[in-house]
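Each remark here refers to the structure printed beneath this line.
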Amino acid sequence: MRKVEFLDTTLRDGEQTPGVNFSIKEKVAIAKQLEKWGIASIEAGFPAASPDSFEAVRQISAAMTTTAVSGLARSVKSDIDACYEALKDAKYPQCHVFIATSPIHREYKLKKTKEEILDIIKEHVTYARSKFDVVEFSPEDATRTELDYLLQVVQTAVDAGATYINIPDTVGFTTPEEYGNIFKYLIENTKSDREIIFSPHCHDDLGMATANTLAAIKNGAGRVEGTVNGIGERAGNVALEEIAVALNIREDYYQATSDIVLNETVNTSELISRFSGISIPKNKAVVGGNAFSHESGIHQDGVLKNPLTYEIITPELVGVKHNSLPLGKLSGRHAFVEKLKELELAFEESEIATLFGKFKKLADKKHEITDADIRALVAGTEIENPEGFHFGDLKLTSNADDTVTAEVLMVNADGEEVEVIANGKGSVEAIYNAVDKFFNQTVRLLSYTMDAVTDGIDSQARVSVSIENVDTGTIFNASGIDFDVLKAGAIAYVNANAFVQKENAGEIGKAVSFRDVPTN
């Protein structure tokens, strides 16, 4: 049975999601988890975009041991050079070169003829091949490109040395039948004495990304591209976890397998959710909170008698673990550290004291500390802003005029404290007015969402916010976790404002867009 490779582009295409801004440290942590999950290749970024993008690709390259690392490049030699430099430490480097090919892009964006684009493809894939053993080529907006011309494009890239041919449904335009036929036609008609691997790259604008990707696999695709949780611009990308589980459950139909370690799926999904600040919808396939819930009495009865009556995916398959022995108030440091190892949570030795201190505070509030509590505790530590001032504490006072006064304590790494006071019509407004007063920058709150990350009345809460830097239009997401939902919201808002502060200070610069028209 053939095996389908998985390329993850969460760190490149997934970061196109409005408000998602992974730090370099977060990107490396994500890459390590993706490798553990069984991803064959990680598209780590677009090295030519900015110094931060270059450095992220460089650090990820050095950190990977079994997974290939790819960098994106426009059909521009300087982009390919940037990929080469950033990927020098990669054990298995790959370069992904692309150019748009559809009529609308040829006429309005590139202002190039068909023949000129073929010449550009030949020149730049050849150049990339001179620096990399493995080159991937993508004709952007392939599904709106004339099929006969698309074959010419693909053949030109293959003749120039491309090993992987990616067929992007850039705007989520195609249908499963159409997309499957495109793959069938290209695979049957592309000529080469080397093995050429075709891959789908689907966006979900019409809600068909998963179906389209599976149609491509059914028609011969040997690699799939997508993101964890389906994050990405507009309606997002295909969710790789859905493809991995579909291939496992319907192996009989697709006659294909993968190297994805399915019981790492939930851990991978939750990590992306924490770092992106995007909560996983309850009804999300495979990893949503309701994926293994049954409201109907008939369904519940059936599941109790035999889970296969209404569950085609078992919780254990994707890594939903039943809680082992819980910790408690009397649990010591050793037991706590062993629990972190048991749950395979990443931590540095220097972080143990801080984590254990938070655990003891948690134990004072909860009788039993579950695995979910421990994961939330570590997650809360990870998403705090370690640089500059961060949220310390707050005090609220209700006033006679029905307003609320918030006293917010901000603390920096050196232990310096600053207290800011502000009023508001309600608790959240008062807290956020105080934070605004502290940062003294113009932002607009776009969204505020809350969900419970553990079970029970004493559950920890996660608040996710999205704010806009009014001066630049840039959107930033951030999250906060605490027993007190107001404190969780304060943490999230402070973290989001810290991103804005960095952008205003020039630490987050304007990156070159991979959609900018090449100058050569």
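If you go along the chain as it appears here, the first residue is 1 and each next one adds 1.
Glycine too: its Cβ is placed from the backbone N, Cα and C atoms.
Just so it is clear, the model here is predicted, and its values are computed rather than measured.
N237 (Mn(2+) binding site) falls within a strand when secondary structure is assigned with DSSP. The Mn(2+) binding site annotation in Swiss-Prot covers D13, H201, H203, N237, and the record cites sequence analysis as its basis.
Marked as domain 'Pyruvate carboxyltransferase' by Swiss-Prot on the basis of sequence analysis: 4-266.
The region 'Regulatory domain' annotation in Swiss-Prot covers 390-520 and rests on sequence analysis.
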Exercise. With every protein chain in view, how many other Cβ atoms are within 10 Å of the Cβ of N237 (Mn(2+) binding site)?
Worked result: 30
Exercise. DSSP helix, strand and coil counts for the region 'Regulatory domain' (390-520)?
Worked result: 33 helix, 52 strand, 46 coil
For this session: Specify all same-chain residues, apart from the site residues D13, H201, H203, N237, whose Cβ lies within 8 angstroms of the center of the Cβ atoms of the Mn(2+) site, ordered by sequence.
Result: T9, P168, D169, T170, C202, A209, E225, G226, T227, G232, G236, V238
Exercise. Near H203 (Mn(2+) binding site), which residues of its chain come within a Cβ-Cβ distance under 8 Å, counting only those 6 or more away in sequence?
Worked result: D169, T170, V171, G172, A209, G232, E233, R234, A235, G236, N237, V238
Exercise. Does anything in the same chain, at least 6 positions from D13 (Mn(2+) binding site), have a Cβ under 8 Å from its Cβ, and if so what?
Worked result: E43, T227, G232, E233, N237
